Amino acid sequence: MATCIWLRSCGARRLGSTFPGCRLRPRAGGLVPASGPAPGPAQLRCYAGRLAGLSAALLRTDSFVGGRWLPAAATFPVQDPASGAALGMVADCGVREARAAVRAAYEAFCRWREVSAKERSSLLRKWYNLMIQNKDDLARIITAESGKPLKEAHGEILYSAFFLEWFSEEARRVYGDIIHTPAKDRRALVLKQPIGVAAVITPWNFPSAMITRKVGAALAAGCTVVVKPAEDTPFSALALAELASQAGIPSGVYNVIPCSRKNAKEVGEAICTDPLVSKISFTGSTTTGKILLHHAANSVKRVSMELGGLAPFIVFDSANVDQAVAGAMASKFRNTGQTCVCSNQFLVQRGIHDAFVKAFAEAMKKNLRVGNGFEEGTTQGPLINEKAVEKVEKQVNDAVSKGATVVTGGKRHQLGKNFFEPTLLCNVTQDMLCTHEETFGPLAPVIKFDTEEEAIAIANAADVGLAGYFYSQDPAQIWRVAEQLEVGMVGVNEGLISSVECPFGGVKQSGLGREGSKYGIDEYLELKYVCYGGL
């Protein structure tokens, strides 16, 4: 009992600076908000009231291994990207903690795989219900650690929870097969069995949804997981762990090992090379994905990867301009351009080019508002860090130096070092960085083209192929282009394509496998053929 109280006290001390207006003090059974004025500068205190009522149980700073909250030997700071201020100190796990988490997950797997599909389904449903009950607090955590506008954070929490709901239902639909063989005295059976422990490595841009999309499928299949969240956004993963525990998910089934950027490489290598891990699921950059593939190759592990993209957004002459602009706004500026399926280059046919650029610029000026994610009306929050801002800035400067024209935006925003103005460029050519390097920011470069063949050639020149979009009112053209685009997902007259019911993934160097949909659970299942003779 003394140990438990000490752990809670450690958590309280660490969270004393966590989230403005939500200072915590220990008490038996958990953490409660402390009284007194909100700490920190006025820039942070301006939204302190929105966090003051946050559930203390969801503000976790330790690792979650084997059903227990465990501190690490060191901690690392998590920063608010809007102000740069430290939100709190989180356990900085290393190789030792990573291996302990894998061991806990393996021991739990030996029990979890025997749990009936109906019971697994019920537990995932309880987890989903708890997410819905706590959706406001979970959304505020996302906004605090990622800068995402609160309205979008609420949307992510619902999207995230829906994966648990979906896979709670899919858990009961894992069917095998019977194959008739030429021999009359034999029967062939095909069983689907859970693959084992899955190492799950997730990004910062969707700190909740990228976890449940993977973990929901894994747990539904009968696998257990070790989650290494992005160092920028560990609080969401830890809050999910608390709710998983409350839902009755057995100890060791869901484990979380946060770590700093300094430790990320060795922790990632430790869990991906551990012989007790059978599966690796990763969302992140193509460069990191290739490193993890190398780790997986040494022991031939199953791998799912959702990597970088360079999504083309094509507007043909037959397109409805207003519809295309609405799709462009949704596709490009969600999460301030920091999504893997954001349109990266806009290919606009000559006949409609000027009308589209004019309408797009007007829509940007009218509808986009840069600000702190907690401020009502904000549509564009900060980028995750200054390095991300520098990348956008570099691409804009490169394009302008080579002849591109800034229609609107084009520079850092006065709000702070992590803010950049929503930017529209025209007169863009294919020799510019922004056309062959993923931006991950609020930059929309427009390339003028003449023929359908030219647009397809530009779009397919990339060595990645996650998503693509195009707008056309020509039925024959729609079929041709949809089939010819070398991407895993296509939006036809639609800028928002993600859905829990549909398979998410790419081709070429954008990844392996699919997540979500009825196909997502197959990534965590092995096929076993059983030949039954002597009948």
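Backbone N, Cα and C define each Cβ position, glycine as well.
Feature annotation from Swiss-Prot assigns NAD(+) binding site to 202-204, 228-231, 284-289, Glu306, 438-440. Marked as substrate binding site by Swiss-Prot: Arg213, Arg334, Ser498. Per Swiss-Prot, the feature active site, proton acceptor maps to Glu306. Feature annotation from Swiss-Prot assigns disulfide bond to Cys340-Cys342. Per Swiss-Prot, active site, nucleophile is recorded for Cys340.
Everything Swiss-Prot records as a feature, shown here on the structure.
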residue: Thr202; record: NAD(+) binding site; Cβ within 10 Å: 26
residue: Arg213; record: substrate binding site; Cβ within 10 Å: 28
residue: Lys228; record: NAD(+) binding site; Cβ within 10 Å: 27
residue: Glu231; record: NAD(+) binding site; Cβ within 10 Å: 20
residue: Thr286; record: NAD(+) binding site; Cβ within 10 Å: 19
residue: Glu306; record: active site, proton acceptor; Cβ within 10 Å: 27
residue: Arg334; record: substrate binding site; Cβ within 10 Å: 21
residue: Cys340; record: disulfide bond; Cβ within 10 Å: 25
residue: Cys342; record: disulfide bond; Cβ within 10 Å: 29
residue: Thr439; record: NAD(+) binding site; Cβ within 10 Å: 26
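According to DSSP, Gly289 (NAD(+) binding site) sits within a helical segment.
Here the Cα atom of Cys342 (disulfide bond) is found 11 Å from that of Ser498 (substrate binding site).
Taken residue by residue with DSSP, Arg213 (substrate binding site) is part of a helix. Between the alpha carbons (Cα) of Gly289 (NAD(+) binding site) and Ser498 (substrate binding site) lies a span of roughly 22 Å. Under DSSP, Lys228 (NAD(+) binding site) is assigned to a strand (E or B) in the three-state scheme. Sequence-distant neighbours of Ser498 (substrate binding site) (same chain, 6+ residues apart, CB-CB distance under 8 A): Tyr159, Val341, Phe504. When Cα-Cα distances from Thr286 (NAD(+) binding site) are compared across the recorded positions Arg213, Glu306, Arg334, Cys340, the shortest belongs to Glu306. Of Thr202, Glu231, Glu306, Cys340, Thr439, all annotated as recorded positions, the residue with the shortest Cα distance to Arg334 (substrate binding site) is Cys340. Put simply, Cys340 is the one of the recorded positions Arg213, Glu306, Cys340 whose Cα lies nearest to the Cα of Thr439 (NAD(+) binding site). Straight-line distance linking the Cα atoms of Lys228 (NAD(+) binding site) and Arg213 (substrate binding site), rounded to a whole number, equals 14 Å.
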